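Student: Please see the structure below; I have some questions.
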Amino acid sequence: MSKELSDVFKLSRDWLSVQEVVDSVSSPSCGAISVFIGTTREDEADGRKVVGLEYEAYEPMAQSEFNKLCADIRARWQSVTHICVHHRLGWVKVGETSVVMAISSPHRHDGQQAIQHCISQLKANVPIWKKEFYDTQEVNWKENAECSWSNQKKPPENTLSEGKPK
């Protein structure tokens with residue numbers, strides 16, 4: 001008996017509903033739903049506070065990359081049943097949700113690993129860009145350190161100098 005699988009990707013200029021994402025992956029055959037919710041944080045850069053982000057995407061390519069990501073997740077974790085990712089576009093102020101994703105699986109272990117992989121690879125490969133808006137009225141396009149086209153160097157996992165974090 002084969003199980004029905006679903007992959008849902010939605011880009012939206014509207015508020016994101018965590019419940020809608022969770023409901024879309026719910027299944028009687030799954031005992032676990034792993035969820036990631038990413039929010040816009042008040043960050044500080046060069047004495048400027050982030051007041052919000054503006055997201056843009058190349059939507060056809062974003063859908064294509066999402067499909068590749070789902071195939072990769074399913075190859076690594078065969079028990080994954082449903083995958084759903086909703087990502088905001090447009091203006092997102094500090095404190096609001098930017099991305100919601102959920103993955104269902106019969107047991108938690110695969111789903112938890114898959115959700116971590118999903119957010120990392122979404123940031124690395126799906127063409128969604130963000131522009132930071134600061135309290136100084138300045139703006140700056142930001143790259144995710146994970147993205148394949150980034151000029152930023154990804155920080156090492158654990159950087160210690162004389163026992164103290166750098």
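Using the three backbone atoms N, Cα and C, a Cβ is placed for every residue, glycine included.
Predicted automatically and left uncurated, TrEMBL annotations should be read as such.
Straight out of TrEMBL:
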BINDING   H107, R108, K123, K130, K131, E132  substrate binding site
REGION    147-166  region 'Disordered'
Student: What's the most sparsely packed of the binding-site residues H107, K123, K130, counting other C-beta atoms within 10 A?
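Tutor: So among H107, K123, K130, the binding-site residues given, the one with the fewest Cβ atoms within 10 Å is H107.
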Student: Tell me, how many other CB atoms lie within 10 A of the CB of K131 (substrate binding site), whichever protein chain they belong to?
Tutor: 14
Student: Note down the number of other Cβ atoms within 10 Å of the Cβ of E132 (substrate binding site), including every protein chain shown.
Tutor: 19
Student: For the substrate binding residues given in the record (H107, R108, K123, K130, K131, E132), what is the largest pairwise C-alpha separation in angstrom?
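Tutor: Comparing all Cα pairs, the maximum is 38 Å.
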Student: State the count of C-beta atoms found within 10 angstroms of the C-beta of R108 (substrate binding site), not counting that atom itself.
Tutor: 13
